[in-house]
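First the structure, which I've put down as structure tokens, then a few questions once you've had a look.
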Amino acid sequence: MEEQKIQEKSLAHGAAPPLTAVERFLNGQKNEALCFKKQERSIDRPIVKTTRAIEIRNENKENMMFGPRKEKNLAVIGEIVVKGAAKDYTCKDITKKQPYKNIIKGQWTADEDRKLIKLVMQHGERKWAVISEKLEGRAGKQCRERWHNHLRPDIKKDSWSEEEERLLVEAHTRIGNKWAEIAKLIQGRTENSIKNHWNATKRRQNSKRKHKRSKNADSNSDIDDLSPSAKRPRILEDYIKNIENNDKNNGENIMTTSGNNVLSTSNYDQFNSEDSTSSLLDDPYDEELVFLKNIFENHSLENINLSQGTEITQSSSSGFMIENPKPKPNLYNNTFGTHLGAMVTEPANSSHLASDIYLSDLLNGTASSSSSLTFLSSNNNEHAGENELLLPQANSTSERREMDLIEMLSGSTQGSNIWFPLF
């Protein structure tokens, strides 16, 4: 009985009987499949969020404006099974920056100034995050600006001297309104003090212009000598005045130049419009008409010495040649006399257009000042082959008669030997 109990205990608590090769192979395949399934389940398991809150303070990455950063509500990600052991992995993501809730944005008190001076003496002028931690209600940026603009021991708070204003003017001509760069060139003057001095001088100058005194020059001089403004340097004030005057002059020049340009363009447009209208009215329709008009107006027989029997030839760019042969006196009636071949200029106030030059005499009537010439050929045997220039009979300047169509046709058929250009 005892031996059976011992064997049962050995079977229950002892090693299992040895396995055959087939059983070992099958058991190995099952174990590998089970391990692979467990790993997949552990990876696909959803993230388990816990209610545990972890606060982490990182002193190396401090926010200068909002103080040290606090990280809260970090959740634990689910467990991953690795080789039968469970390990916890915490989230390494950083939460959003949370500013201080109790930051004071008002003026600094004397107690805060004393504390800030002590902390700067202890930690130096660069560790503003550490100083802001020990100074409640103030951020690192506030401490830095308060120190550099107000509490620094080498700051000058007295009135500006002529030398300082001269340096300010020279720097402003080169740099402009870059007050931080100018503060580096003027020792003892901060950025705020330079900007405030500039704006105060500008306001003072504008107020003097608006409120002029109505007293005499002597009384004004006495008051100015007693006033503190008499001791104030005027270098910066004169410089600002020159800048404003230059700006005004530039604006006036721009206005005048723009006005002149407008006037000149308007005059130019008017001139062009007049030229265009005159060219439309005076532009002839044919070059031959202009050529004939110039000959009949500008050249008379007396000027070209036709009475002496010289032969004159006129030519033009259009190819017309006119020959004036030696005239023979007393060929016709004595009414012509020495006026044979004389050409009369066109009247100034003719109502015909430029295209009616050839028919101007017919349209305006025959007068002593008519410009049209009648070309006739004599069928007489004595003067065969000779072309003579004849004028119409002279009438009084006040008389004008109308010519009907028959007279026009009969006058044109008489000069059959003379050809006219086709228009």
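Glycine too: its Cβ is placed from the backbone N, Cα and C atoms.
As annotated by Swiss-Prot, DNA-binding region applies to 128-151, 179-202, with the evidence given as sequence analysis. Look at Swiss-Prot and you will find 200-214 tagged as compositional bias 'Basic residues'. Taken from Swiss-Prot, the feature domain 'HTH myb-type 1' covers 100-155, and the record attributes it to sequence analysis. Positions annotated as domain 'HTH myb-type 2' by Swiss-Prot, on the basis of sequence analysis: 156-206. For 193-230, the entry in Swiss-Prot reads region 'Disordered'.
Structural setting of the listed features?
The average pLDDT the prediction assigns to the DNA-binding region (128-151) is 90.
Note on the domain 'HTH myb-type 2' (156-206): DSSP counts are 37 helix, 0 strand, 14 coil.
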Kindly report the helix/strand/coil residue split of the domain 'HTH myb-type 1' (100-155) according to DSSP, in that order.
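DSSP composition of the domain 'HTH myb-type 1' (100-155): 33 helix, 0 strand, 23 coil.
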